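Asks: To start, I am sharing the structure in question, which I have written as structure tokens.
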Amino acid sequence: MVMGLGFTEIGLPWAMITIPDVSPKVKITLKMLITGMDDFCATDFPLHVVLVQPQIPPNTGNIARTCAATRTPLHLIGPLGFELSDRYLKRAGLDYWPHVIWRTYPNWQGFVSTNTQSPGRWLAFTSQGQTGLWDFQFQPGDWLFFGSETTGLPDFCLTACHTQLRIPMRSAGVRSLNLSVSVAVGLFEAQRQIAH
């Protein structure tokens with residue numbers, strides 16, 4: 001089911017096929033998402049961000065804003081720990097939701113069946129990753145996977161990914177970074193490498 005690029009009558013981000021009072025550009029983007037996001041994403045975007053079972057609405061809202069700023073598609077795999085109409089999700093994303101290219105999937109199987117044929121490597125970001133972020137060569141077409149704030153990426157996702165990456169931290173007393181910070185660090189490093 002395609003979600004996003006529209007607003008409900010009370011201004012919350014939601015899936016809509018017909019969007020009144022929206023610019024033609026947004027309508028075109030929504031049409032592309034509905035008619036074939038796989039082809040659209042594979043050819044037009046160098047990177048993808050995938051959140052697997054995120055739990056905290058403000059984190060997802062902040063990540064959506066980062067994805068809007070970088071023109072990176074955001075994929076949300078359920079079950080989600082919140083409703084897409086959550087006011088904290090909307091508040092964290094501010095007024096950038098019309099600029100976010102995003103899609104939700106009810107579960108892992110829904111994501112895999114939709115995206116298995118899409119080009120690119122699936123890269124898992126995990127505190128247990130053997131390869132440091134700075135030692136990895138990103139490529140156009142890479143999909144960056146991040147897990148829930150409480151449990152990280154599930155084993156089935158780690159197994160499906162080509163590589164497991166970690167963001168190096170100097171303090172042994174810190175287990176992990178905030179999810180939205182991790183996405184920003186990983187996404188901007190990947191973009192930096194691809195741009196050069």
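Even glycines carry a Cβ here, placed using N, Cα and C.
Residues or ranges marked as domain 'tRNA/rRNA methyltransferase SpoU type' in TrEMBL: 47-187. The S-adenosyl-L-methionine binding site annotation in TrEMBL covers Gly147, Ile167, Ser176.
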Asks: Given a separation of at least six residues and a C-beta threshold under 8 Å, show me what packs close to Gly147 (S-adenosyl-L-methionine binding site) in the same chain.
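Replies: For Gly147 (S-adenosyl-L-methionine binding site), the qualifying residues are Leu51, Val52, Gln53, Phe125, Thr126, Leu153, Pro154, Cys157.
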Asks: How many Å separate the two farthest-apart Cα atoms among the S-adenosyl-L-methionine-binding residues Gly147, Ile167, Ser176?
Replies: 14
Asks: Starting from the Cβ centroid of Gly147, Ile167, Ser176, which together make up the recorded S-adenosyl-L-methionine site, report each further residue of the same chain whose Cβ lies within 8 Å of that point, ordered by sequence.
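Replies: Surrounding the site, in chain order, are Phe125, Thr126, Ser127, Phe146, Gly152, Arg166, Leu177, Leu179, Ser182.
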